[in-house]
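**Student:** Please find one structure pasted underneath; my questions will follow.
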């Protein structure tokens, strides 16, 4: 999945938990009106009309069981966000979506991918050419077909575990009762209030959602009933702290270790556990806290009569459910309450849009259509209606009805734009999940959004909006034909074809980007499709597993729009592929869209975009959160200008000897797995393939690490070599004894429970936890499971087949009983690292060279006893295959270690999330992020927008929170009468000498004292011998001194120059490109 790096400068809300569609009226080809008002034609009748068609995909063999098991391989990334209980609730939920234009199909896509029980698609109208601007399942061949029927097959392909069916006639109240959630797109307020009244009063209430996209404007209303319980208001894990002390006073004061800052807030409820001395706190009762500081808080409780605190204790936040009392739409229209704000520069916008959408609804009711694009008469009529409604609001009347904004709404009101549909499709899809499960806080109750900044800056003539009998007519009706041509001729580079990449390709295809004769879209991704991708990367199907992501995604995108000129590559973007993505490639691009999943690649692409001065549209997701950053040449800072602080890493001694949470245990477990099963076998093979060169490298290194590596190789080929499966069981059983008994006994011997530090303080003070050795038992399932996984994997490294009996508890227990386990004798001179700053566990002072020679002699003897062709199999950790025993072993290692230290254990799925470093991901936040980005794409390709028109966004669908802000401008460096930013690059032509380059800089008032190329120094004023280079060409110095190999297409060399002004003050200057041809 695509993780983001949160940029602190775009977060405007202090409440942020992180630092850093439809067509109600269409036109024919000649522009005449075709009445399709309220295209879903919703009416609450007591019976179904004779024209109703009901079609279920169950007819095609879909058997959706009520007791469906969660497919953890498919939904692992989503499970990391929602958890099993939420997923089970989704699997039991039936959802209706009425209105299958662009917004409706986006909502359906997202909730089908999420995995509800069933989705029913409702629409009474037919596909028109106009719909192809925003609906990715429609093609030209679908024109004239019922929208729901034209959608069902492709939507069913997204998830065969969801029953997708259709309704094509008028809905009845009885039919609404079949659903837990109903979503209505493109419906009048009159009909919406009638439906919502029924849903609100139904027992149990039916969650009602009304959503609309009108050009660059969108609205959303939620009513989940009179009493809706939110079980998890923010989606975050309960925070906890390790107690250092508790006072006996009124009120009690609690301090925690300074290992990690507390994430509590005043008024939180917490529970205590494992407290020694003041045991009254261990009663499990939630307690309210106040005066929260980074490492302390006060209890709202008198602890003066409690026992005296001795040591230990964990304090954990208790998450409280929240009950929301939703108002029905009829009441909420008159008294909307507080609006959810999206853009803090538009603080007064939501009340105006609340009025505007009501005015638009009245216009549609009176005229039987929505306003025509470019019609000043219709726009003025809309303004008059808004003024009339506003006059009747009494005390709630707005001081100003923004006629300019209403004009924009009128002009685009008939269009469903794909970026708006994608964005709102993600938001509404998440509201459906909330309604089904109580997971995350719903929108309460209205949400309005607009992106009028995306419109072209120059006024457009009415002829710009005229339909062209094109699939882009809806988009043209908002932006005009001139910008549409720019979209079609754009040359775009999409880096990544995962979840974000799939959404981007879909969006760009529908927008017509790179679909013209001059346009081209290049997508690259070096990854292949896995099963876990299918729950978010919606362009892929199960029959694509194992195929290249970029190729499959490109083919699917071309299927959405056959005019898309797309080229799919399987290359990683980095310094090693600059022969593929060369100067000519970058220079010919219009814009770059990142869809990456790692910071290193993001920074490289950012550096290329800065170098070639190309716009970069950056985005990322993490669970329900997303952010976007616009990197625009000369207008904004670049992506690399700001960095998040590095994640805190646990000290090595903590992970290896003093773990105090399950993350430490899993970090250690994965390290041991890779050392035992991947690195050591690989080292064995390296030695056996070329013993002379291998030992030469070891002697050259000659350090403790080389010594330890050789020791493991000798151990693997000598006393721990396995020749039968029983040997593998013996190895696994002895590993258990070593890890979970002997090492702990040695640690307790070296540092007994009453040990003290050199200052006299208790050694085993928080956060350290005193461990207990485990006694192996063949009746303990977790013990046997560990031995099973370890022995099977050990056998795999030696090429030994696994007998079937070894996969049974009884058979394995019998074999384990035959293993002789030596008695443990503690070492009096054992050294255990306790320094948190230590980077290695090797502390003994020995003659490494002598030990390496001794180990080499042993290896020579081992090699003589082996068959010449003998090699081990190095096992690479693969988290997403539940049949390979990898996670069984890692979870077993971690949980047994957790048991040693009385740390709560976790199941295999949770272990997979942590040890596999799985990035939580859901389709809704991904879709929303790409919608935000593509709204910025209009601005980029228009080419005339200022920095204040662009928006960086941070959003968290769990809260929900939307925080949009103007990007930060680039840092400006000034020198004399000149100024420059990171976007500038100085160019010197004429194949200059070093002297000529220095004189050229001198003319700018700069004294260069150092010139480097790559990692080599071409010139330094302090080195007298460098003055001998004055008459040499800079390019020749680059070749001869820096060893630069210039490809045939390259006509310049880049040098970094360090300069001072005449006052000896350093001046940072841009990169200098010296052209030699």
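Including glycine, each Cβ sits where the backbone N, Cα and C put it.
From Swiss-Prot, for reference:
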type	residues	note
ACT_SITE	653	active site, glycyl thioester intermediate
BINDING	499, 525, 536, 549, 597, 598	ATP binding site
REGION	16-36	region 'Disordered'
**Student:** Fewest other C-beta atoms within 10 angstroms of its own C-beta: which of the binding-site residues 525, 597 fits that?
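**Tutor:** Among the binding-site residues 525, 597, the lowest count of other Cβ atoms within 10 Å belongs to 597.
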**Student:** Could you say whether, by DSSP, residue 549 (ATP binding site) belongs to a helix, a strand or a coil region?
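**Tutor:** The three-state answer is helix.
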**Student:** Among 499, 525, 536, 549, 597, 598, which the record lists as binding ATP, how far apart in Å are the two most distant Cα atoms?
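**Tutor:** Largest Cα to Cα distance for the ATP-binding set is 18 Å.
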**Student:** Have a look around residue 549 (ATP binding site) and count the other CB atoms within 10 A of its CB, chains all included.
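**Tutor:** If we count other Cβ atoms within 10 Å of residue 549 (ATP binding site), we arrive at 27.
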**Student:** Using DSSP reduced to three states, classify residue 598 (ATP binding site) as helix, strand or coil.
**Tutor:** coil
**Student:** So how many other Cβ atoms are close to residue 536 (ATP binding site), meaning within 10 Å of its Cβ?
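**Tutor:** Cβ-Cβ neighbours of residue 536 (ATP binding site) within 10 Å number 28.
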**Student:** If you count other C-beta atoms within 10 angstroms, which of the recorded positions 499, 653 is the most crowded?
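**Tutor:** Going through 499, 653 one by one, the largest Cβ count within 10 Å is at 499.
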**Student:** How far is it from residue 525 (ATP binding site) to residue 653 (active site, glycyl thioester intermediate), counting Cα to Cα, in Å?
**Tutor:** 38
**Student:** CA-CA, which of the binding-site residues 499, 536, 597 lies nearest residue 653 (active site, glycyl thioester intermediate)?
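**Tutor:** Comparing Cα positions, the closest of these binding-site residues turns out to be 597.
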